[in-house]
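Visitor: I am attaching a structure below and will ask some questions about it afterwards.
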Amino acid sequence: MKVLLLGAPGAGKGTQAQFITAAFGIPQISTGDMLRAAIKAGAPLGLEAKKIIDEGGLVRDDIIIGMVKERIAQDDCKNGFLFDGFPRTLAQAEAMVEAGVDLDAVVEIDVPDSVIVDRMSGRRVHLASGRTHHVTYNPPKVEGKDDVTGEDLIQRDDDKEETVKKRLAVYHEQTEVLVDFYSKLEGEHAPKYIKVDGTQPVEAVKAEILGALGK
């Protein structure tokens, strides 16, 4: 099963990715992890990517696609794989098809922006331990204080409303193009497109996704 998982930041993609990979016995592949592994291994593409990153540049699509092809040729991908956060752009999606990397399914976890903003902007974190609270759904015993240590909880910059809204705008801009691209593919290249309501309880989202994927 070769799956591309789409979902805005805060849509619950990480949780569902774990369920999908466990159900099908496939690895989760993210370009960030792949880049770090290739750089650590001293692979030629990894070294080329490191040079670009060190100079403050964006790694070119041809390098990313090359790494993806190498990664999915490994033994643990024989039953398939789950792409997380890749392809991000139309150019990457087109290059993947041209490189012969087809998908069985594109799964989009759909959550309204207002819900995402509420989920993320309400998060509060205890930096030293990583413990998280939510002002509405999981409030601390004392407002603004960690339950265990009594130390301050903070709102990360990434979770501030303005930042979340900007990230959502970028996500929609990129994803709409991808959804359009995959829905128009025909024949053997055409993946099944599955859109799931991500505002449901976690177990309901899991059941709907796995059911649609034939599990």
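For all residues, glycine too, the Cβ spot is worked out from N, Cα and C.
Here's the feature list from Swiss-Prot:
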type	residues	note
BINDING	GLY10, ALA11, GLY12, LYS13, GLY14, THR15, ARG123, THR132, HIS133, GLN200	ATP binding site
BINDING	THR31, ARG36, GLY57, LEU58, VAL59, GLY85, PHE86, PRO87, ARG88, GLN92, ARG156, ARG167	AMP binding site
REGION	30-59	region 'NMP'
REGION	122-159	region 'LID'
Visitor: Tell me the coarse DSSP state (helix, strand, coil) of HIS133 (ATP binding site).
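Guide: DSSP call for HIS133 (ATP binding site): strand.
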Visitor: State the count of C-beta atoms found within 10 angstroms of the C-beta of ARG156 (AMP binding site), not counting that atom itself.
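Guide: The answer is 13 other Cβ atoms.
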Visitor: In whole Å, note down how far the CA of GLY57 (AMP binding site) lies from the CA of ARG123 (ATP binding site).
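Guide: The Cα atom of ARG123 (ATP binding site) is 32 Å away from the Cα atom of GLY57 (AMP binding site).
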Visitor: Between the binding-site residues ARG88, ARG123, HIS133, where is the Cβ count within 10 Å the lowest?
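Guide: Lowest Cβ count within 10 Å among the binding-site residues (ARG88, ARG123, HIS133) is ARG88.
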Visitor: Through the lens of DSSP with three states only, how would you label THR31 (AMP binding site)?
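Guide: The residue in question, THR31 (AMP binding site), is helix (DSSP, three-state).
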Visitor: Which residue counts does DSSP give the region 'LID' (122-159) for helix, strand and coil?
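Guide: Helix (H, G, I), strand (E, B), coil: 3 helix, 10 strand, 25 coil.
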Visitor: Just jot down the residues in the same chain as GLY10 (ATP binding site), at least 6 apart in sequence, with C-beta under 8 A of its C-beta; none if empty.
Guide: VAL111, ILE116, ARG119, MET120, VAL164
